[in-house]
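Here the structure is laid out as structure tokens; the discussion comes afterwards.
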């Protein structure tokens, strides 16, 4: 009997492995890729505030569509293709154009850059670009806005019709040597003397006896390294660029796709498990194996393909993503799944569960965990890179993606896999409520340890706690939701729970985290989060103690949740797990 069930579930295990293997080379690196493209932590926080809301809408919406029209499997596969296309497009989005000032004064012509994120730029990158011994040149294409001082110098540049032109801007193409880049305080000066305007080569002469000419410019560099060093603008300027909106829209589409695939996939899995929902962890752990394996591989390959470059080349991660998800589509098409549990009134049936105060507390707990998870998902790597930038040796930067890959590997193999494997027995032993408390305590310890990190490599043993903060959490969340879902609403409720976790919790955590990271830095932000979760834990402990006094762990007064569970065909008690095979 056990062998037969395992054969039936092999494609499901394959999906969990391949889907996570496909998203691992891309998803965790998106925040640091955004940082490299010139986005501040505030902008990234805003992006990750909106993305979970996309999941909040997509999960229950497409879950309900799948339940209503019995097309779960079809939606499941279609959205895998959507993820491939939208994620792969991100690889080709250029960095934010550098904003600078054109200075023509006292006989010198230069571009002045004052990057808004200078404190977060890796000093090793600066050293490699601002090199006094490197006379190599790179092209710079400058589009500068004319102003009243413009005419005082344009006549000296000997370009026909230049001064008479009614154009509001002037485009200057020039070549700049690395050894002509100077850092002065919080700004960089790129000195040059020659350029091309309207296809005319000229000397950009600046007379010493004239007033200083300053023009606001947007600059594109032919050197990818220099472009990424000076990439960035103020947050308001970033929001006006096509690069930002293309990047944002591709993330929105891919996040919607992932939300649908995850929620419908879990619903299909629980339906295939039948009356053994406690076996969910055995299936889901294969997702952790895929994530851990490919995150390590991706980290190593990104560092390998970035050798000799001052910025990271993430292209290999996108190719790994596409390959794994194509295989996932093939495996998913072999799922032997037919939706048999139907609800005649999905909204009414789902609405029943909110009559229970225990369920309301459960949803609030999911939101709190989402707030903490946002910091790990979106800002842990950001914190590690900033921490590496403070180290004396540049070797930390060259191996940063390897470290981040190992972080995810330990999160999966040292944390999630063991806890997913043991989740059924653990939930039977301690119950859902104690598991919820354990998750909150895990976050307190994890965030405090992040706040006292002095070396980015010391993060590795801390990641074992991911088994508590995500492994136990995910199994508890999915199992609890499945147990209270009225018949025929499984996909809808799984989508709703996941949507609340991400759409409210992760969204809120991303917004708050982005602001705190920008204002206080990583160490203080993680310390604040540790304190907040200590408060969450105490509040949850007190509330559950009060509810136990009202209903009792196995008291005579049956809770609303247990009443809903009794309405299901499965004979599944949420306070225990059936280990019979």
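Cβ atoms here come from the backbone N, Cα and C positions, even for glycine.
All TrEMBL annotations are machine predictions without curation.
Here TrEMBL gives transmembrane segment for one range in the set 182-203, 204-225, 314-335: that range is 314-335.
Checked against TrEMBL, the range among 390-412, 459-481 recorded as transmembrane segment is 459-481.
Feature annotation (TrEMBL): of 414-433, 434-453, the stretch labelled transmembrane segment is 434-453. For the transmembrane segment (244-273), the partner stretch with the most Cβ pairs below 8 Å, chosen from 40-62, 74-93, 356-382, 493-516, 528-547, is 74-93. Against the transmembrane segment (356-382), the recorded stretches 40-62, 434-453, 493-516, 528-547 differ in Cβ pairs under 8 Å, and the greatest number is found for 493-516. If you count C-beta pairs under 8 angstroms between the transmembrane segment (493-516) and each of 74-93, 434-453, 459-481, 528-547, the highest count goes to 459-481. Under 8 Å from some Cβ of the transmembrane segment (528-547) lie the Cβ atoms of residues 357-358, 361, 365, 368, 371-372, 375, 433, 436-437, 440-441, 443-448, 451, 513, 516, 520, all in the same chain and six or more residues away from its ends.
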